[in-house]
Amino acid sequence: MSTDDITVFDNMVLDHVSFYAEDASAAAKWLVSGYGFAEYEDDRAFTGFPDARSVVVGVNDIRFRITQPLADSHPANRYLTRHGDGVADIALRVPDATAAYLAAVRRGATPVAEPTERGGLVTATIGAFGDVTHTFVQGRAGMIGVVPAEGPGNRRSTSGADGELGEIDHFAVCVYAGDLDTTVSFYRDVLDFELIFAERVQVGSQAMTTKVVQSRSGTLTLTLIEPDLNCEAGHINDFLTNHRGPGVQHIAFTAECIVQAVDVIGARGVELLSTPDAYYAALPARMDLARYTVDELRSRSILVDSDHDGQLYQIFTKSVHPRNTIFLEIIERLGARGFGSGNIRALYEAVERTREQE
């Protein structure tokens, strides 16, 4: 490792999510009408491709750039043909995009796009997992990645109450069986991530292994999941089949008050995964709730778990993807920094119940 590489990723933070869609307007509406995102002006001048239309949506510290190809030559066409709508790139803001790119490539990353300067921004891209990439972003203050920052004339429309959702807590990524350790090593060896959690979860005749890696800044967390091929196939296998390869299974958004957030998105028509009453009947014996009552959680199907630092509350949406792949999560952390084992198991069981009903 070059001595110049040692600190290049120390201040790397999550910038924005690049999402490819067959219909950018419909994908934007999904987030605007359901989750209270604001829609911004199209950023075609920032994409580098004149043969595409991009819509920028966001709320608080969450930013999505949704891109729809307008010509066969656009790279989104290959992604959409293979995977359908989904996360194509997780952009990372760094002090020096060129240095980050060169360091990553020296450490073994696959180069995708060399450093390019455009409109005061420097970007460079490497391969990550499956067909998902990481773009390093370096730019002047007031810019949000390759997306115009909010300002007069940039915001087009808003929807819903103020600030239920705050930032992206983590991405859940499904990889093929046998590829988990290789993917973990990529993030640790190439981007200086740390392994912060690992567990094998078995539910009935199905099983999966999950390992969580986090950037040194703590702003980007990836939950990496592989199925156990020695067990019966489950929804992780389904994702890999339907998505036709590794990819982002779900994205978790933070909420200051998950009860309020669930009420708001539910009123907007967002469908959520249900949890059986037996889960809540056992709650009083498991833990003393720090914020909500059992009834408040039960009536909304909110999950709760804890670690040494506190509690976390989670709920998961039903996928609206035609292939039943990507979905979303709402999470509230009351001190907890990890991922409760009980919630991982409960999510697996909830998704399996939905899978069996379809």
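Don't overthink the numbers, they just go from 1 along the chain as shown.
Quick reminder: no glycine exception, Cβ is built from N, Cα and C everywhere.
Cross-referencing His83, His134, His170 with the Fe cation binding residues that TrEMBL gives (His250, Glu329) picks out His170.
Mean pLDDT of the predicted structure over the domain 'VOC' (167-318): 94. Cβ proximity to the Fe cation site centre (mean Cβ of His170, His250, Glu329, cutoff 8 Å) flags the following additional same-chain residues: Asp169, Phe171, Ala172, Thr223, Gln249, Ile251, Ala252, Phe253, Phe316, Leu328, Ile331. For His170 (Fe cation binding site), the number of other Cβ atoms no farther than 10 Å from its own Cβ, over all displayed protein chains, is 21. Across the domain 'VOC' (13-139), DSSP helix (H, G, I), strand (E, B) and coil residues number 34 helix, 60 strand, 33 coil.
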